[in-house]
Amino acid sequence: MCDQRNSPSAGGGGWSPAPEDQQPWLQLTLRDRLEVTAISTQGRWGSEHWVRRYQLLYSDTGHNWRQYRHESVLWTFTGNRDADSEIHHKLPHSIRTRFLRLVPLQGSPRGGAGLRVELYGCAYKSDVADFDGRSALLYRFNQKSMSTAKDVISLRFRSQQAEGVLVHGAGQKGDFITLELQQGKLVLQLNLDDAKLLSRGGLTSVSLGSLLDDDHWHSVLIERFNKQVNFTLDHHTQHFRTQGQEDTLELDYEISFGGIPLPGKPGTFLKENFHGCLENLYCNGVNVIDQAKRRKPQIFSVGNVTFQCSETQPVAVTFHSSDSFLILPINLGMETFSLRLQIRTWNAESLIFHATLDQELQPLILCLHLNDGQLLLALHAQTQTIIPVGSRINDGQWHSVGLDIKDQQIFLSVDRQRPVSADIGLRVISHKNSAMLTLGGCPESLNGTGCESCSPMGFQGCMRLIFVNNHPVDLLQVQQGMLGNYNQLDFDVCSIQDRCTPSFCEHGGQCYQSWSQLYCNCSGTGYTGATCHNPIYRQSCEAYWKTGRPSGTYSIDVDGSGPLEPTLVNCSMTGEAWTVVSHNQTQLIKVRGSTLQSPYTWTLNYTLPLNHLRNLVTTSDHCQQEVVYHCRRSRLFDNWDGTPLSWWVDRDGEKRTYWGGFLPGVQQCSCSLEGNCMDMNYFCNCDADRDTWVNDTGLLSYKDHLPMKEIFIGDTNRTDSEAAFQIGLLLCHGDRYLWNSASFYQGPLYFHIPSLQSDLSVDISFYFKTSSSSGVFLENKGQQDFIRLELSSPSSVTFIFDVGDGPINLTLMSPEPLNDRQWHYVQVDRNVKEALLQVDNLTPQIYGAPHEGHVHLQLSTTLFLGGTASRQRGFQGCLRALTLNGLSLDLEERAKTTPGVSVGCPGHCNSDSVCLNQGRCVEERNSYACDCSHSAHTGPHCRTAVSAAFESSSSVTFNFEERSSRGRSESSKPSPARTEVRRTRDRITFGFMTRHAPAVLLLAQTHTQRYMAILGLFYDICIYYSISMSGWVYGMEKLDWEIDYGLTQRFTLPPSSDFSPIRNVTLGKISEADFLDPEITRAGFIGCLTSVQYNEAAPLKDALLNHRSSRVRVSGRLSESSCGTHSTPNVFSTTHSLPDQAGKGNRAKEPLKEAAHNESALIGGEAAPVVERDRSEVTLKLT
């Protein structure tokens, strides 16, 4: 039977808070627990009072409230716009509760808050059992052991303890199942194999959830069928298969709930028991708690198990801002002082408390704060004393902190560790009756007391069980204004969140967090960006060749942001860019004694995994693999019926019997295809069955079958019969999709493409050219969420999306028209942290997602390319190289079946046009040209590097223009979390050669006198960052050019390490300045620099070839030089980014030491650093 409570339709009255109440709430006390499914509200009857927005909290006990969330998002309900209309909301998921609080966030602009409320729901009945940490329920089987292929266990639990066993069962052979809390996480361990096989990996362990010691109800469901297991916690399910050989679970005697009793020792348990409450516990259809309540003999109780949940819950308080504080009076009746409390936080730096106590001579100032996760107590009296204790206090768990002052000594303890003591040498004076204790941040009233110098960050987290001089602090009295003072606190709730469970970091990135933000450490993943979504490496050798790279070994990411990890390949840049993949068979192998029934078999193992090979071949224009085959009296095909006597297997495991060319299904060799077989009666030379060695070497080039996986050789068991083979390397070149294009010429038309898989992240990139003033590139919708990307005006591109917080509009304006019939590049990225819009080389537009916003982009309909579902504002023009989440789309194939869309695009810029080193292909009337204005190279194809020789007095300074002249960015709907529009990703490339050290290779300065210097110290490359007027970060990595090719080192910088906008870049001699380190200015540079590029600026090129440029200042002698080489240099790259917490690898700045001059020592050679800045990381990479 469903209930309705407090019906607004009943009319009359309503609720309004007192005018002086700054944090009002309305609490509804229900008679029994209800499952609430919906809520309706009206304004207060006959008034100007209503609630426009509100949130819900709920509780079983009237304490320890829980915020209503959906998909981890704090849910805000839309309320009323007048006093009479009824607004009804069906809850995204129901809640089971006895108490409900409605918290108004915004009232009527005319009269304030007021409402009538109605709840919809059903009565909720359950069987509960309370465990005190020394008790358990045993479900005993009817027989000695039970073997099951299918198990279903369901329960709900709540606990204040982070450790404890909920379910355990074991068998004598080694099978077992254990469900337990470990550090607040729920861990399921399952073994179906013999105990002797555990060392072979039979044990399966899966973890779900976090912070589950919050004393709120959590639902668990375990479903197992043979080896397949579904493990569900609340609304999150993990599907997995058990390891090992067996698929049945064999348990002996019993399965226990709440602990693991030790046989023969009542009250003794093997592990820490569960302390809390279980509800609706079912094991394979048996209601265990109901059976226990009815004293059924199959259920045995150990210890004190009661059937009513205890409701002793400590009141917690949440400091949700660094400005939050709690001031409490201290009663100093004795010459002692003590403080006990429990804290829970994610922040590594924060102030816990500050207090000033009287001493005999001067005040004793106490500051307890977190520093890099460690507790530090600072005592300021006649001298300053620092007492450290504990570590990793910012792990999100509850930690107990104790402070005692007595007998002129101070004691500090954390958790169960031994207290650390110090002698303060003075007594606390007792004649003053009270002092003030400040928990959290420093209020303005304490300015000048030293509080603000304790820690720059106020405490964000939860506190509970606060005792001052052994007296408990009643936090509810504080809330009611009867005790102390506070600011920005939430009482009777701990709203801590684990933002890393589940992790939103992709590609193996490590998630870490502060109180309100998550961060991803992408070191070693091959990816970058806020969530490690964007690939660092290019997708092919072709892409490296386009940037002027020479032959060598490169990391490629064949599917971009897709799931395949980067891999190393050899790139041969000989006129074309060939990707070379080797394998385990490089020598000629001779075969004898094989038959059709027992053929000789050779399996090829490639240096790339099969999925990578498949993607590489698919995305390449052309692939080939040579099969060298010699034979003597050994046939490939039976001369009577054509039965293959030898064959090979393709990448999909299919048998193939052709030995050359690109025409599958034709049982022929290359000689037949070329018409030059030795005996024209046969399609292969070997089939002539001659006594002499003959050759049937062929080149396989049908891409769908490459590469070869296995080869089978038969017919070598006759007298003098023999074969010899050698399988060549897999060679691929070209990019099938770079110039894959389609023309939309009869709008509004569009392609139907399956909906984007874009729940947590999406990236889209393509090129377009058009003469139209506007048009929609693509649109994809869900029930409420959507994305749309369009040319909104002749000079602007707009990206609009909605993930549930309302539409966000990113518009990027170009100083030049975009409908100029030239190719323009567009890229959009959206993840849980931010959204980005990039057009050509313009400064990207970035939107920072709100901390408590929706994260899931739920799209369900067809993706419309070139138009919208409403057939309005279709795009007319050309699109090419369309990539969705790392997957390239074949536009030409789709254009063949779509009316009004044609294959290809008119113009001369196509796959045959070659513009290297970031040169841009420009359409001309009868040909094309390469625009090298944004490249550090010159020449018809932007191939020629611009280089210069520097003397000791030579200097080039390049001044950047203001951002407004390079492109204007606009955004609608600003939010506090919105990132300022500035560069967060920089790319710097240059080559260098010098015999002098130390050498300043490049200096970049900001408008705020922050700077970055890149220095060479013979075999060392150093990056210096001046991140503040008083702080340095220094990173150095030794690079051996011969051995460590491919080395990567990443540095993480502290908060507020913003390094934009850039004011100027200096090459060569550095002029002295007050804010520059003298050792930097003394270093200088003598040698050669080449191909210098900072984003789209080319300082050295401007200095040598554009003498009239007002942005370049040249001092001393500067002469153009080839730098000792005519080829494009190899590239050494350095990626630098600026994150939120200092990395462990950062070291204090060390003085530069003059290196001994040695004519045989050479820094650089044919090497070129590349610096890429992406938010807050510094990566030193030698590629």
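Cβ coordinates are placed from backbone N, Cα and C, and glycine is handled just like the others.
For Cys905, the disulfide partner recorded in TrEMBL among Cys878, Cys930, Cys932 is Cys878. From the options 1-21, 253-273, 778-798, the stretch TrEMBL describes as region 'Disordered' is 1-21. The number of other CB atoms found within 10 A of the CB of Cys878 (disulfide bond), across every protein chain shown, is 22.
Around the Cβ of Cys905 (disulfide bond), the number of neighbouring Cβ atoms within 10 Å comes to 23. The DSSP breakdown of the domain 'Fibrinogen C-terminal' (532-583) into helical (H, G, I), extended (E, B) and coil residues amounts to 6 helix, 22 strand, 24 coil. In terms of DSSP helix, strand and coil, the domain 'F5/8 type C' (1-122) has 3 helix, 70 strand, 49 coil. Predicted-model confidence for the domain 'Fibrinogen C-terminal' (532-583) is 91, expressed as mean pLDDT.
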